[in-house]
Amino acid sequence: DLGERNVVQSAVSGPKDKTSDRVTLKKEIGLLSACAIIIGNIIGSGIFISPKGVLEHAGSVGLSLIVWVCGGGICALGSLCYAELGVTIPKSGGDYSYVTEIFGGLVGFLLLWSAVLIMYPTTLAVIALTFSNYVLQPAFQNCLPPFIATRLLATICILFLTWVNCSSVRWATRIQDVFTVGKLLALVLIIVVGLVQIFRGHYDALRPSTAFEFSEDPSVGQIALAFLQASFAYSGWNFLNYVTEEVVEPRKNLPRAIYVSIPLVTLVYTMTNIAYFSSMTPEELLASNAVAVTFGEKLLGMFSWVMPISVALSTFGGINGYLFTSSRLCFSGAREGHLPYFLAMIHLKNCTPIPALLLCCVATIVILCIGETHNLINYVSFINYLSYGVTIAGLLYLRKKRPNLARPIKVNMLVPISYLIFWVVLLGFSLYSEPVVCGLGMVIMLTGVPVYFLGVHWKNKPKWVYRLVERVTYRGQKLCYVVFPQEDPSETEPLTASKATD
């Protein structure tokens with residue numbers, strides 16, 4: 001580690017005076033871009049393609065709408081907890097940084113290991129494949145697009161957005177802003193068309209007398225699974241916390257972005273589902289594999305092509321958002337010493353984490369080549385949901401362990417406790433209904449234990465290991481033109497109460 005740091009520091013000391021006062025991550029994410037990151041990462045292809053999962057498990061239109069509203073409420077509880085953690089521990093890296101700060105290196109490394117190894121590459125691969133399928137579908141109307149064609153287009157998309165993110169933080173955030181607006185406009189179109197249908201009297205499925213008609217009495221397990229489907233549609237609400245250090249005035253703008261984005265997404269999701277039911281019977285919705293496309297075919301006539309394009313644009317923006325945030329997770333892990341320090345370096349002029357972005361790109365392309373992405377995504381969902389609960393439990397532990405930390409935002413204790421109760425119930429039913437998937441998810445995470453003790457905890461490695469790492473780091477620096485960033489500790493260290501009053 002020391003040898004590697006020496007290489008890094010020697011590289012930084014040379015060009016530092018020639019470029020600027022400090023080589024560091026640029027703070028270019030204002031309030032609007034912060035909202036776009038949250039909204040853009042939450043709204044992916046799910047709301048356009050398969051809200052039928054919630055209806056299938058809820059058993060009625062009325063209960064499914066209640067689940068969508070309550071799912072947004074649970075998401076809001078979690079985001080309030082993350083807002084407190086984000087302003088108390090203002091580091092990039094989200095869950096990983098908070099868990100490492102609170103519970104120590106091993107627990108943090110396990111989250112990092114599962115995220116870098118499988119969680120984000122798999123999610124990126126699935127979103128990229130969804131994008132390529134919808135772009136190619138018009139050319140293959142009577143059959144599925146060829147396997148090679150979808151993989152090739154998905155790879156081109158990943159490579160292009162990696163290049164954009166390597167070139168400029170501003171370009172990446174502008175893409176996120178534009179495509180987030182595009183997603184919202186597509187959903188607003190669905191909502192407006194649905195409201196027109198309702199005003200014309202087409203709302204039979206929404207009448208109270210029929211909305212709560214159940215084909216069979218719903219069980220607690222089925223309702224829990226409906227909430228689980230909704231919670232997956234809302235995933236991404238914590239992604240702004242991964243780029244905290246690039247947010248302008250994070251202690252102000254991070255919570256503000258959360259307060260604006262989560263209620264907006266909840267409202268849009270609920271109204272979109274109401275619009276679907278204004279023109280489709282529950283049976284039609286359950287039979288559709290792409291709800292928004294079916295909706296467009298029924299109501300938009302010659303403009304039905306708008307819906308597949310909207311899904312493609314939505315997924316394109318989602319890929320950009322996931323690349324932007326997941327690369328910062330690799331960056332944060334490397335800075336803590338849990339990944340090679342080369343991954344914590346940034347470009348000397350563009351100030352972008354090029355090595356971390358390239359790692360995310362390569363890992364995603366490998367997953368695309370494997371092909372079995374949909375089996376992997378089940379394990380990812382469990383690991384992702386597990387990390388939420390561990391992080392929010394850490395908030396309660398931090399309150400007890402370090403009561404003197406200055407907390408610009410301090411949520412009521414009922415907020416994390418309520419979220420954790422809901423989390424335990426959902427996790428319990430997940431384990432009961434899918435024990436093999438959850439078990440394999442845990443196995444994937446626990447494979448990081450020996451890696452942690454060999455790669456991180458073991459300090460007295462043979463000298464040849466350090467020499468090899470130095471050579472690789474040096475050549476990587478020359479190839480990518482990157483250096484280790486110079487930080488201002490006051491921007492990332494938790495504040496004590498005494499510092500906050502100075």
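For all residues, glycine too, the Cβ spot is worked out from N, Cα and C.
For reference, TrEMBL has these:
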- 29-49: transmembrane segment (TRANSMEM)
- 61-82: transmembrane segment (TRANSMEM)
- 103-128: transmembrane segment (TRANSMEM)
- 148-166: transmembrane segment (TRANSMEM)
- 178-199: transmembrane segment (TRANSMEM)
- 219-237: transmembrane segment (TRANSMEM)
- 258-279: transmembrane segment (TRANSMEM)
- 299-325: transmembrane segment (TRANSMEM)
- 354-373: transmembrane segment (TRANSMEM)
- 379-399: transmembrane segment (TRANSMEM)
- 411-433: transmembrane segment (TRANSMEM)
- 439-458: transmembrane segment (TRANSMEM)
Highest Cβ pair tally under 8 Å against the transmembrane segment (354-373), stretches 29-49, 299-325, 379-399, lands on 299-325
Two-stretch contact, the transmembrane segment (299-325) and the transmembrane segment (178-199), at least three Cβ pairs under 8 Å | yes
Would the transmembrane segment (61-82) and the transmembrane segment (178-199) count as touching if the test is at least 3 Cβ pairs under 8 Å, pairs 6 or more apart?
-> no
Tertiary contacts of the transmembrane segment (411-433) (same chain, 6+ residues out, Cβ under 8 Å) = 74, 77-78, 80-81, 83-84, 220-221, 224-225, 227-228, 231, 382, 385-386, 388-389, 392-393, 395-396, 399
Given 29-49, 103-128, 219-237, the one sharing the most C-beta pairs under 8 Å with the transmembrane segment (379-399) is 103-128
Should the transmembrane segment (219-237) and the transmembrane segment (103-128) be scored as in contact, given a threshold of at least 3 Cβ pairs under 8 Å and pairs 6 or more apart?
-> no
Are there at least 3 C-beta pairs under 8 angstroms linking the transmembrane segment (103-128) and the transmembrane segment (439-458), leaving out pairs fewer than 6 apart in sequence?
-> yes
